[in-house]
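Feature list (source: TrEMBL):
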{"type": "COMPBIAS", "residues": "1-21", "note": "compositional bias 'Basic and acidic residues'"}
{"type": "COMPBIAS", "residues": "50-60", "note": "compositional bias 'Basic and acidic residues'"}
{"type": "COMPBIAS", "residues": "80-89", "note": "compositional bias 'Basic and acidic residues'"}
{"type": "REGION", "residues": "1-34", "note": "region 'Disordered'"}
{"type": "REGION", "residues": "49-102", "note": "region 'Disordered'"}
Amino acid sequence: MSKTTRAAERVGDGESVRDLGDAMGTLSGSMGDFSDELTSLQRAVTDLQDSTRRASEHQRAVSASLHRAADSLAGEPSADEQRASRVSDKSTAAKTSMVADD
């Protein structure tokens, strides 16, 4: 058997080689399409993460607002009012102390 015959048997006829080439071309195109789909999916996931983050921030803001409203309805000073009151109390105490020293 000649080298050419053995090589032809290993490779197959020209039609098989063309079929293989066509299949590889189709696979390459499909992989390109798949890559495009993955890119689109990644963008969608990123958009969803951003949307979820914003929703979480809004939820925290609403929760804080509801807590302030509940405190107000209960007649309790808000955290901001409590801080302002403590600062005012310290300032008044310092002034009283200075007057007493005179």
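Cβ coordinates come from backbone N, Cα and C, glycine included.
Remember, TrEMBL labels are computer predictions, not curated facts.
With helix defined as DSSP H, G or I and strand as E or B, the compositional bias 'Basic and acidic residues' (80-89) counts 10 helix, 0 strand, 0 coil. Broken down by DSSP into helix, strand and coil, the compositional bias 'Basic and acidic residues' (50-60) contains 11 helix, 0 strand, 0 coil.
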